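Going by Swiss-Prot, these are the annotated features:
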BINDING   100  substrate binding site
BINDING   118, 120, 197  Zn(2+) binding site
ACT_SITE  141  active site, proton donor/acceptor
């Protein structure tokens, strides 16, 4: 393959994930849609939660302190890899960039993520109160929907899902260092729980991140019900 052909092929690969702003899967449109879905699930009520998606060399992030179910495409911030805002929201509203931004970039820098999602799910908060340093569960079918961050392969039915827990802080940005340290200690995990607060989940693509957060929240809700019934989260006698 000559140099020109190689460069052309490389450019096509780099552009393959970039779609026009009118496309429903462009982050300007996708982030508001996902925020509405998360709001309906109770994961982003009261202006809580956050969503960030990478496309090309840009990072798209929802604003902070707004009604997440009412975010519009022209209200999204665009950042570069240095966390500099390269495009302000195209609105007259005085919007503030998400407090989650440095935590999103933990996932981008340390995991090469394509998306990072932050929820304030009640299931996450309850699990963080029931567990000490980790949430662990095995032998549940929905575990198969979660990717091992190191091997990039899906977990199996008999595998144990392990999600670490860090302590909450008064300000979101102050979680940055403890989240990064936790990610170093748990290289296989695609999520971090914040006690009495919520959860961060990331993956290579927004589709995988969305699937992971849905599976994890399901498993946490199930675990809470299992606890009330006296059922073990890591049973030893399952065939």
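Heads up, the Cβ atoms here are built off N, Cα and C, so glycines get one too.
On a predicted model such as this, the values are computed, not experimentally measured, just so you know.
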Euclidean distance between Cα atoms of the residue listed as 'active site, proton donor/acceptor' and residue 120 (Zn(2+) binding site), Å: 24
DSSP three-state assignment (helix, strand or coil) for the residue listed as 'active site, proton donor/acceptor': helix
For the residue listed as 'substrate binding site', the one of 118, 141, 197 that lies nearest, given that the recorded positions are compared by Cα: 118
Neighbourhood of the residue listed as 'active site, proton donor/acceptor', C-beta criterion under 8 angstroms, separation at least six: 157
For residue 197 (Zn(2+) binding site), the number of other Cβ atoms found within 10 Å of its own Cβ: 20
Chain-mates of 118, 120, 197 with C-beta within 8 Å of site centroid, Zn(2+): 48, 49, 50, 119, 121, 124, 194, 198, 199, 200
Position of peak Cβ density within 10 Å, selected from the binding-site residues 118, 120: 118
